[in-house]
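Trainee: Below you'll find the structure I mean.
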Amino acid sequence: MKPLVIFDLDGTLVDTPSGIVSAFITALRDLSMPFEDRRAIRATIGLPLEKAFGQILALPVEDERVTAAVRQYQAVFREQVLPQAPGLVFPGVVEGLALLKGQGYTLAVATSKVFASAKALLEAAGLWSYFDLVLGADMVAHPKPHPEMGLLAMSRLGADAATTAMVGDTTHDLLMAKQAGMAAIGVTWGIHTTDQLKAAEPQVIVDTFSEVVGAAHALLKLSSSPVSYC
């Protein structure tokens, strides 16, 4: 059975958070619902868009204004952020994914984006070909931090929790991993602070993508690579 590493997308593989925040602001301004609190918007990254806009606008996710905001945001993201995607890939990601793939790992993405948006971003960033499976929030009944997405990835790819690790920059990612019984690797270059990540009790927190590779080896017992535990 091949070891499986599942990655979050925004803030883990691609440095999209600032673009996401700007797209939120532009979309709401376009709809005459101005909201300029960048910190509050940034805090919602990692949630499905409906929940994020519902939280920001203090509206139920079923409200038509939330639906309109999501639709407008997606249009703005396509126009403003996707063209920049090749330059937004975090340092070491391409090399690390290629190394893991070459060493026999199965690779997947589990994201709070809907599948079509995730596919568009991965393709624009030049990362699509590395992944055996991409799961979006619209492919499960319960998105992160619920374990369903992690369990579905393992089921589809024939993996088990003992040989699976989740890599992410938010507690949503790490809590999903914990509840699914798999190892969790937190990364410090994304949305949540190191203290926030520690609160989710991952097995390890790393500062560079090359350390992700070493942590995967160590946690999945494929080598004696050193790893610094929290």
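Quick reminder: no glycine exception, Cβ is built from N, Cα and C everywhere.
Below are the features listed in Swiss-Prot for this protein:
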{"type": "ACT_SITE", "residues": "Asp8", "note": "active site, nucleophile"}
{"type": "BINDING", "residues": "Asp8, Asp10, Asp169", "note": "Mg(2+) binding site"}
{"type": "ACT_SITE", "residues": "Asp10", "note": "active site, proton donor"}
Trainee: Counting across all protein chains shown, how many other Cβ atoms sit within 10 Å of the Cβ of Asp169 (Mg(2+) binding site)?
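Mentor: Asp169 (Mg(2+) binding site) is surrounded by 27 other Cβ atoms within 10 Å.
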Trainee: Beyond Asp8, Asp10, Asp169, what residues of that chain have CB atoms within 8 A of the centre of the Mg(2+) site's CB atoms?
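Mentor: Result: Leu9, Gly11, Thr12, Leu13, Ile45, Gly46, Thr111, Gly168, Thr170, Asp173, Val187, Gly190, Ile191.
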Trainee: Does DSSP give Asp10 (Mg(2+) binding site) helix, strand or coil?
Mentor: strand
Trainee: Between the Cα atoms of Asp169 (Mg(2+) binding site) and Asp8 (active site, nucleophile), what distance do you get, rounded to the nearest Å?
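Mentor: Asp169 (Mg(2+) binding site) and Asp8 (active site, nucleophile) have their Cα atoms 7 Å apart.
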Trainee: Which residues does Asp10 (Mg(2+) binding site) neighbour through Cβ under 8 Å, counting only same-chain ones at least six apart?
Mentor: Thr16, Pro17, Ile20, Ile45, Gly46, Thr111, Ser112, Lys113, Leu121, Gly190
